[in-house]
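Colleague: Not my notes, these are from Swiss-Prot:
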BINDING   13, 36, 37, 39, 40, 41, 42, 66, 68, 160  ATP binding site
BINDING   41, 160  Mg(2+) binding site
COILED    182-224  coiled coil
COILED    250-290  coiled coil
COILED    338-358  coiled coil
COILED    458-562  coiled coil
COILED    606-715  coiled coil
BINDING   732, 735  Zn(2+) binding site
COILED    760-1045  coiled coil
COILED    1074-1128  coiled coil
């Protein structure tokens, strides 16, 4: 077991920072004694800090934990704590922590952790040191000590301020026990499993929904694929037919084109001849007209001479035209100059009008300015300006503006200063008010404190009266107690003579020596085994499980104590006596009892068949019925009824949507309803089947319309070609019959009428297709609603109503059965108490046996696993065999030690119990004898408290007067503050209004002054404009004369040009006549050449039937158009299907479906496994917690009953209760039990009972949780305890030491100021020395070891 040996302290709290203090810890008891404030608790704080890293409470983040720099007179104080201890295997370890406290310049102190290290020794004896971060060392030391950190914090090294934590608030108590049981990490594990299960459940639902969607998509995808394959096959055949037709048409068109080219050339020549003849006639007519129109015929001149004459006349005319152009340009320049001058005159006239307007406005502006200035002079009594006559001169105005501006600035600054002064006054009054309120609060607080002191003193007086009464009543019991002392002493001497403690101790020493030798041999074998075996951790687990089996067997033996045996004798006298008569050996005796209990259990169960079994069965039935009833209630209220309501609301919403759609599309719904006249059960008269049929009909109708649209488009193109061909060839393109004029006109008119009607038909078809698509889309959207509505009406709602009806019937039956079972349980519960104790023992033994069997099966599994993975089986088997032999020997010795220990323990307990009773009686006698002195002391204390109360009452009255005075002064100051504030606000408002008026007037005067101009300057500008106008009018007159002269020259030139033009025209007409004559002769020659070519082509043209060829081509084209239309529809369908298949929804849809299916199945498997894990872990935790709490409460009961001397509490227990929440949290509370009555101890016990209960609980926790660490430190355990309980507590500690002293490493550390308590503890002779803590001359804590005999 772990044990601590030495502690070095330097610079902690009041310990000297320059010199280290060392304390040795003894086994099994270490006593530390000192006055209050000497530094005793610092030792516990250092132990706790070294082992856990936890600072003491209220130490300012470590600054108060180190010796203060101001007291030491240094800027830095360094501190160190060293602890030497041995781990559970006896290996020495030294833990060291170094700290410092630095004084900063800003009067603040800085705390630092300098170093944290561990020192240990190797097998060769060499020292090994390792440094850690503080957080790592906080985890390392508890592991080395073999105990959890919460046990070190709250149990072993519990601080004095936290020692009463078992009776703290429920939340704090739960936090402590959760840390001790390590509940947080297991709770987190459970919560993590639960959260993960919820996530998986949600994921499974999502995966199922996705699978349903994907399955529907797969069906749709397969259907589209089939349609696509079929359409592609038809489309491929159609394309092949089109290629063949196209090749045939091209060949026939080549032949026809050759013929057409020849015909067209012949026709072109004929046309050209016709045109030339027409041109010839026209030119002859023009030639004759020209000849008739000639005024003069030039017959003697040649053509060249006529052209020369024409050119000369042209040159003269051009010269005259140039002169005319120049004159016209000069005229335009003169006109533009006149326009410019007119614009300048207009502009000067407008500027002249503006100046005249300004001159007329100056008087009104001056008058307005002077009026406003006069008002300001009168308002503010400006003496310098009162006597000045109007209008004001410019210098007067400037001076006035300057002065009035200065007055405005003075007014603004005055307002600001006034506001600042008044705010200072208000702030001063507010500060006085605040001070009065602070004084009143201080007086009130002081009065409340004194009142609480009076109340506390009154309670103390009542307590003193009770103690005086108790001591007065106990004086008459002296003779009775003396007789009891004599009788107890005689019984004690008899018990000591009967017990052979020395012989038993000698046997135990010999067996312990032998056990140690065997343990060393086992350790040697185990070390050899570890070298050979790679599964060290598995071997360790095997050893732990074997120890668990031994511990469980010991627990079974401890359960079969004398009390249980007596109980079995009472229940089964014959069976038990037959087994017990001839057995001397204790182990064999208990083994026989255990063997006999197994066949006895059915016998007991038969006897309890009427009581316990029937009661348990009834309780189970009752619980099942109650759970069923609760489930039915919950299912009705939380599941069925909300679902039914939800479904009905959903149905109403669907009905509303359908009704709205019926109103909007009444004609369509009438068609649907007409097909459903015989169906009266379905609401709205619409079924899913009829609705789907209607949608299919609409799809067929839409397909027919689209086909009609494509056919009409083809007809439009084809008929236009027929019209064109008919006009060209005068025959029908289909039948190739020639048509005369009327037939052709009628034929073309019929085709054109049909073609003209096609756009209207196409437009009408587009509208019908669009309407059909819209209606189809609306019906498709409405189809899911119809489906859901029908499912609700026919399935969901009837099923829910049927479930509701069945649940209501079950609820009625369950209520009747629950009442019946409850009455039966109440009648049988009182009859099962007699068998409860023995049954609980049997249950415990049965559970322990099951646990042993479970552990043995786990051991077998571990051994099989190790043997499978082992590489050297033979060597391991040999070592295992030797190890088993040694372990068997060790078990035999341990059984013998256990037998001797139990016998020694029973004898010691009997002797100790008699000694305790004797000491208790002596203490009562001493207490009663000293009662008279105590009564006088209590009465003096009572008088002193009464006088203190009177004094405090007078002080409270004086404080109340001060409070009233402060409140009155505060009210007066508040009234003054409000009056000043109102007056200030009124004056500020008046000043602000005056300032605004002043600012508006000043701005107005400045604006008017800026508009005033010099009149002389305006008149000067007006004269200049008038002079400019006169000059411009003179220039305008000159330009007008020049313009008239130019116009006269232009008229003369134009007359000359007109006379020359007559001669020129005669020459031109003669030239034109001669040209036309030559052209007519040239055309006659062309006509003769063309006629010769026509004769040649008509002779060489082959006679080929072109009409039949055209009919064949038209037939092929018609077939080609028909197939083209079909392929276009197929191509559209193929593209649509391919687009549909290329959507992300259908891409890799088979793989997605497969992956989703696998994921769903694996997720469901994982969810089931998580449920199993959660239930197994939860069950294991609750079972462990229940067993551990039973062990703790048994230990508490044993210690309490041997310690507490009062008769008001039989025992105390820790109750652990599961909360009703879903998280299954466990709440704890400490209860005190008297008879069958159980009360919460918190708030109902005295201070002494509180301290004793907390100590007992800590002792019990240490006993049950510290299997590898036998250390326990108690700091001032006797505070608030009376003398009788102090002595009894000391005896209990001695009993614990006595029972544990054989355990290697058990240490009890007690810190106290009560030397009498130390004397009680010294009676056990478990320590020769004690440590005394004192303060030296420098007020540093000093440790000194002294002999216990000196006390």
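Using the three backbone atoms N, Cα and C, a Cβ is placed for every residue, glycine included.
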Colleague: Give residue numbers and ranges for long-range contacts of the coiled coil (250-290): same chain, 6 or more residues beyond its ends, CB-CB under 8 A.
Modeller: 1069, 1072-1073, 1076-1077, 1079-1080, 1083-1084, 1086-1087, 1090-1091, 1093-1094, 1097-1098, 1101, 1104, 1106, 1109-1110, 1112-1113, 1116
Colleague: Through the lens of DSSP with three states only, how would you label residue 13 (ATP binding site)?
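Modeller: DSSP assigns residue 13 (ATP binding site) to coil.
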Colleague: Give the mean pLDDT for the coiled coil (250-290) on the 0 to 100 scale.
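Modeller: Result for the coiled coil (250-290): average pLDDT 75.
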Colleague: Rounded to the nearest Å, what's the C-alpha distance separating residue 37 (ATP binding site) and residue 160 (Mg(2+) binding site)? Just drop the number here, would you?
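Modeller: Between the alpha carbons of residue 37 (ATP binding site) and residue 160 (Mg(2+) binding site) there are 13 Å.
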Colleague: Can you grab the distance from residue 13 (ATP binding site) over to residue 41 (Mg(2+) binding site)? Cα atoms, rounded to a whole Å.
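Modeller: Cα-Cα distance, residue 13 (ATP binding site) to residue 41 (Mg(2+) binding site): 10 Å.
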Colleague: List the Cα distance (Å, whole number) between residue 160 (Mg(2+) binding site) and residue 42 (ATP binding site).
Modeller: 10
Colleague: Which of the three DSSP states, helix, strand or coil, fits residue 37 (ATP binding site)?
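Modeller: Where residue 37 (ATP binding site) sits, the three-state DSSP reduction gives coil.
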Colleague: Quickly jot the same-chain residues contacting the coiled coil (338-358) by Cβ under 8 Å, restricted to those at least six beyond its ends, or write none.
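Modeller: Sequence-remote neighbours of the coiled coil (338-358) are 1013, 1018, 1021-1022, 1025-1026, 1028-1029, 1032-1033, 1035-1036, 1039-1040, 1043.
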Colleague: Return only the integer: C-alpha distance in Å from residue 68 (ATP binding site) to residue 41 (Mg(2+) binding site).
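Modeller: Here the two Cα atoms lie 17 Å apart.
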Colleague: Using DSSP and three states only, what is residue 68 (ATP binding site)?
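Modeller: Once the DSSP labels are grouped into three classes, residue 68 (ATP binding site) ends up as coil.
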Colleague: Would you mind listing, in sequence order, the residues at least six apart from residue 40 (ATP binding site) in the same chain with a Cβ closer than 8 Å to its Cβ?
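Modeller: Set apart from residue 40 (ATP binding site) by at least 6 residues yet with Cβ under 8 Å, we have 32, 33, 34, 1275, 1276, 1311, 1312, 1313, 1333.
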Colleague: Note down the number of other Cβ atoms within 10 Å of the Cβ of residue 160 (Mg(2+) binding site), including every protein chain shown.
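Modeller: Residue 160 (Mg(2+) binding site) is surrounded by 18 other Cβ atoms within 10 Å.
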Colleague: Cβ distance under 8 Å to residue 41 (Mg(2+) binding site), same chain, sequence separation 6 or more: which residues?
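Modeller: Within the chain, residue 41 (Mg(2+) binding site) has Cβ neighbours under 8 Å at 159, 160, 1275, 1276, 1311.
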Colleague: Provide the number of Cβ atoms within 10 Å of the Cβ of residue 42 (ATP binding site), excluding the reference atom itself.
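Modeller: Result for residue 42 (ATP binding site): 20 other Cβ atoms within 10 Å.
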Colleague: Rounded to whole angstrom, what's the largest C-alpha distance between any two of 13, 36, 37, 39, 40, 41, 42, 66, 68, 160, listed as binding ATP?
Modeller: 22
Colleague: Report, as a single number, how many Cβ atoms besides its own are within 10 Å of the Cβ of residue 13 (ATP binding site).
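Modeller: Other Cβ atoms found within 10 Å: 21.
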